[in-house]
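Engineer: Sharing a structure here in C-alpha cells format.
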Amino acid sequence: MVAMEFGCKILMLFSMLVFGKAEVYIVRVEGEPVISYKGDVDGFEATVVESDEKMDVNSVRLFKAISCDIYSLIFAYSFVIAAVNCEKVTSYSRHLEKKHDMLLGMLFDRGTYKKLYSYRHLINGFAVHISPEQAEILGRAPGVKSVERDWKVRRLTTHTPQFLGLPTGVWPTGGGFDKAGENIVIGFVDSGIYPHHPSFATYNEEPYGPLPKYKGKCEVDPDTKRSFCNGKIIGAQHFAEAAIAAGVFNPEIDFASPLDGDGHGSHTAAIAAGNNGIPVRMHGYEFGKASGMAPRARVAVYKALYRLFGGFVADVVAAIEQAVHDGVDILNLSMSPNSPPATTKTTFLNPFDATLLSAVKAGVFVAQAAGNGGPFPKTLLSYSPWIASVAAAIDDRQYKNHLTLGNGKILPGMGLSPATHANRTFTMVAANDVLLDSSVMKYSPSDCQRPEVLHKNLVEGNILLCGYSFNFVVGTASIKKVSETAKSLGAIGFVLAVENVSPGAKFDPVPVGVPGIVITDVSKSMELIDYYKISTARDWTGRVKSFKATGSIGDGLFPILHKSAPQVALFSARGPNIKDYSFQDADLLKPDILAPGSLIWAAWALNGTDEPNYLGEGFAMISGTSMAAPHIAGIAALIKQKHPHWSPAAIKSALMTTSTTLDRAERPIQAQVYSGSETVTLVPATPFDYGSGHVNPRAALNPGLIFDAGYEDYLGFLCTIPGIDAQEIKNYTNSQCNYTLGHPSNLNSPSITISHLVGTQTVTRTVTNVAAEETYVITARMAPAVAIETNPPAMTLRPSASRKFTVTLTVRSVTGSYSFGEVLMKGSRGHRVRIPVVAMGYDR
C-alpha cells in the first residue's frame with residue numbers, strides 16, 4: 001500500500017512537470033443530484049424533493065432523500081416507507097459517485113489526478129486536483145457541463161439580545177430563554193469551534209436529549225481523543241481537501257479537526273446559539289453577560305475556513321452539502337466568495353449559489369453576510385433571492401473615553417479601560433524619547449510593540465505615548481500589545497495617537513487592563529503632539545532634558561447608550577445588487593435586512609488569532625457583517641421553532657416585512673458614509689443600505705401575512721432575467737425554463753425593485769395569511785419622480801388564504817437616480833406589513 005501511494009505521488013509530480021502546476025477545479029456533470037432526481041436512470045428510483053414543497057424537517061425531509069440511517073427508520077412515520085426511501089438515496093448517491101470516478105479513470109492515468117470530493121446531494125459533480133491542461137481535456141469530455149477553477153472565500157468579519165427585545169418580548173412566548181430554539185439545529189460553515197467555551201457548555205444546562213432528525217457526525221480531537229460534541233454542539237466536521245491540494249494548509253496552525261484556530265467560528269456560533277447569561281470577563285472586569293439569539297438551539301460545525309488563507313469554494317460547497325444532508329434547519333454563512341467566478345454569465349449562477357438554491361429547496365433557511373465593502377455602492381457579495389443577505393448595524397452602545405491634558409484641554413478618544421488615579425495627573429513620555437539605543441529605530445519603536453527597546457526607568461510611573469501606524473491596520477501591531485508593553489515597563493497607562501488615517505483603518509474599542517486611550521481624531525492627536533512638544537525641554541542634539549507634559553486618562557469601562565440607533569455601519573456593503581459582471585443592476589433588492597454587527601461581544605477561541613487584540617482571550621468584541629448574519633440565523637431559529645412548517649421564504653418574509661426603518665428616537669435610520677477623504681458622517685439610509693430595515697424579532701414571530709416562494713419561483717426568476725442563457729440555467733439547476741415570471745420584479749419577494757422603469761410597469765404579489773381572519777388596507781408612497789398605485793385598496797383574508805395584489809409604477813420624471821418608497825398593509829387586528837419599493841425611471 002505504501003509503495004502504491006508513493007508511486008502515485010511520483011506519477012502526480014511527473015504529470016505536473018509535463019502538464020503544468022495542478023490546481024483545484026469544480027466540475028459539474030450531467031445528471032440530477034439526489035435532491036432533484038426524478039427516476040430517469042434504469043434501476044434507480046426517484047429521490048426528488050418536490051418543488052415548492054413547504055417542508056417540515058421532522059417528516060418530509062426524512063422521506064425525501066436527505067437523511068438516511070437507523071434513527072430515521074425508527075422515528076419515521078412508517079418504518080417501511082423510510083427504509084425504502086433511504087435505500088433509494090444511498091443507491092443513487094453511490095451511482096453518482098461511481099460515475100464521477102469512471103469519468104476521471106477513463107480520461108486520466110491513475111496518480112495524475114486526485115479527486116477531493118464527490119458532490120451528490122445538492123449538485124452533481126466533483127472537485128478534483130488536476131493541471132490546467134487536464135482541465136481542458138475534462139471540459140471537452142461528453143457529459144461534462146462545466147469545469148471551473150476553484151476560488152477563494154473570506155470571512156465577512158452582550159448587549160444585542162436586550163437591544164433586540166428578546167428577553168422580554170420573544171423568549172417568554174416560547175417558554176423562556178431555556179427553551180428558546182429548542183430542537184432547532186443551526187449549521188455554521190466557518191472556522192470551527194472552541195468546544196470548551198462556557199457559551200457551548202452543558203454542565204449548567206438542562207440535559208440535551210437525542211435529536212433523531214439530525215444525522216451529522218462528531219470528529220474526535222486528534223490530541224485529546226475527545227469528541228468535539230457535547231449535546232449542545234451536536235455535530236463537528238472539517239473540510240480541507242482543496243486547501244491541502246492548494247498547498248496552503250498547515251496542520252500545526254490550521255488544525256486538521258473542527259477546532260477553531262481563528263476565533264471567528266466560535267464568535268459567530270455564540271452570537272446565534274450561545275448559552276444565556278455567560279459573564280464576559282476580561283482583565284478583572286465584567287462587561288455584561290453574553291447570550292445567543294436562540295440559546296437552546298443546537299450547534300452543528302462545518303469547518304471550511306482557516307486562519308491564514310480563508311478558504312476555498314470546493315471545501316465550502318462540500319461543507320454545505322454535508323450540512324444539508326445531515327439535517328440542519330438553519331445555515332449561517334459569515335463568509336462569501338471573494339468574487340463570483342468570471343466564467344458564469346450572471347451573479348446568481350455558480351457552484352456556490354446553485355448549491356445554496358438546492359439547500360433552500362431542501363427546506364434550509366440560509367443567512368449570509370452581505371460583505372464588508374461599504375460604504376461604497378455595489379459592494380455586495382451576496383446576490384441571490386433564495387438567501388437572506390444581512391447588512392450590519394451599529395446598536396445603541398458606544399464606548400468613549402477622554403484624555404485631559406495639563407493645559408486643561410480635554411481630548412476625546414476611545415479606550416475600554418480603567419481611569420488613572422482620580423484627581424492626579426501624570427507625566428507623559430513619548431516612546432521615541434525613551435529609547436535604550438538609537439539603533440533600535442529600525443523596529444518602529446513608536447508602535448510600542450517591543451518593551452525591550454524602551455528605557456524602563458524613564459517609562460515607569462508615567463503615561464507612555466505611542467503612535468498608531470499602518471502596522472495596526474495590517475495586524476502586525478495591536479493595542480493589546482501596547483497595553484502589555486506599558487504594563488511590563490511599569491507605566492501608569494498609555495496613549496495611542498493617530499496622526500494619519502490609513503485606508504482600511506477601523507477603530508474599535510479594545511478592552512485593556514491598564515488605563516489606555518486611542519485618540520482617533522487626527523486634529524486632536526496634533527493638539528496632543530503640539531502640547532507635548534511645547535512642554536518638553538531638549539538640548540541642542542534633540543535629546544530630552546526634562547518631561548513636563550502631563551495628563552490623565554478617564555474611565556472608559558462603561559458604555560454610553562444613545563437613541564440614534566440603529567445606524568448602518570460604515571463597513572457594511574451597499575447595493576444596488578448586480579446581475580452580471582459588467583455590474584448591471586439587478587431587479588432584486590439586496591441587502592435584505594439589517595442586524596447588529598458592530599462591536600459585538602461573543603465567545604472567542606483561546607488560540608484564536610483572527611483579531612490580534614484578543615490573542616489568548618475567552619471573549620472578543622469585534623465588528624463585521626459576519627456578526628450580523630448569525631443574529632438573523634438565531635432569530636430565524638426562533639421563528640422555525642414556533643412555525644416548524646414554514647418554508648425558508650416564509651421565514652425570510654416574516655423577518656423582512658416586520659422590520660423597522662426608524663431608530664430608537666423614532667427618526668429615519670441613518671447610515672455612516674465618508675465625507676471628504678476619511679471623515680465619517682451620517683446621511684439618511686436607503687433600502688440599498690438596509691434592505692427592508694432593521695430586524696424586529698418580536699414582530700417577526702407574528703407577521704400576519706407572508707410572501708412565500710419556492711424552487712419553481714426562483715427558477716422562474718432566473719429564466720426571466722433578460723439575456724439569460726436557458727442552457728446555462730439548465731446546467732446549474734438541472735431544470736428546463738418551462739415558464740417565466742414575465743419580469744424579474746414579479747418574483748414573490750417582500751420587496752420590489754425595477755432597475756430600468758420605462759413608462760408604466762405593473763408587478764404582482766401574493767400574500768398568505770398566517771394569522772386569524774383579518775382585513776388589510778393597502779397604501780403606497782413613492783418619491784415624486786415615480787407614481788405608485790396599488791390594487792385592490794383593501795382585502796380580507798381568512799386563515800391560510802392567499803390573495804394577489806398589484807403595484808403599478810409610472811415614470812413622472814427622469815432624474816438619473818433611484819426613487820424609494822414602500823407598500824404598507826395595515827391589518828384590522830394590528831398587523832403591519834411593509835415592503836420597500838425601489839425604481840429608476842428612464843425615458844426609453
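Using the three backbone atoms N, Cα and C, a Cβ is placed for every residue, glycine included.
According to TrEMBL, the protein carries these features:
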type: ACT_SITE; residues: ASP190; note: active site, charge relay system
type: ACT_SITE; residues: HIS264; note: active site, charge relay system
type: ACT_SITE; residues: SER626; note: active site, charge relay system
type: DOMAIN; residues: 93-154; note: domain 'Inhibitor I9'
type: DOMAIN; residues: 181-663; note: domain 'Peptidase S8/S53'
type: DOMAIN; residues: 746-838; note: domain 'Subtilisin-like protease fibronectin type-III'
type: SIGNAL; residues: 1-22; note: signal peptide
Engineer: Average the pLDDT scores across the domain 'Peptidase S8/S53' (181-663) and report the rounded value.
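Structural biologist: Mean pLDDT, the domain 'Peptidase S8/S53' (181-663): 90.
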Engineer: At the level of the C-alpha atoms, what whole-angstrom distance separates HIS264 (active site, charge relay system) and SER626 (active site, charge relay system)?
Structural biologist: 8
Engineer: Work out how many Å separate ASP190 (active site, charge relay system) and SER626 (active site, charge relay system) at their Cα atoms, rounded off.
Structural biologist: 10
Engineer: What does DSSP give as the helix, strand and coil breakdown of the domain 'Subtilisin-like protease fibronectin type-III' (746-838)?
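Structural biologist: Across the domain 'Subtilisin-like protease fibronectin type-III' (746-838), the residues distribute as 1 helix, 62 strand, 30 coil.
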Engineer: Pull the DSSP breakdown for the domain 'Inhibitor I9' (93-154) and write it out as helix, strand, coil residue counts.
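Structural biologist: Helix/strand/coil tally for the domain 'Inhibitor I9' (93-154): 23 helix, 21 strand, 18 coil.
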Engineer: So for SER626 (active site, charge relay system), how many other CB atoms are inside 10 Å of its CB?
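Structural biologist: Around the Cβ of SER626 (active site, charge relay system), 31 other Cβ atoms lie within 10 Å.
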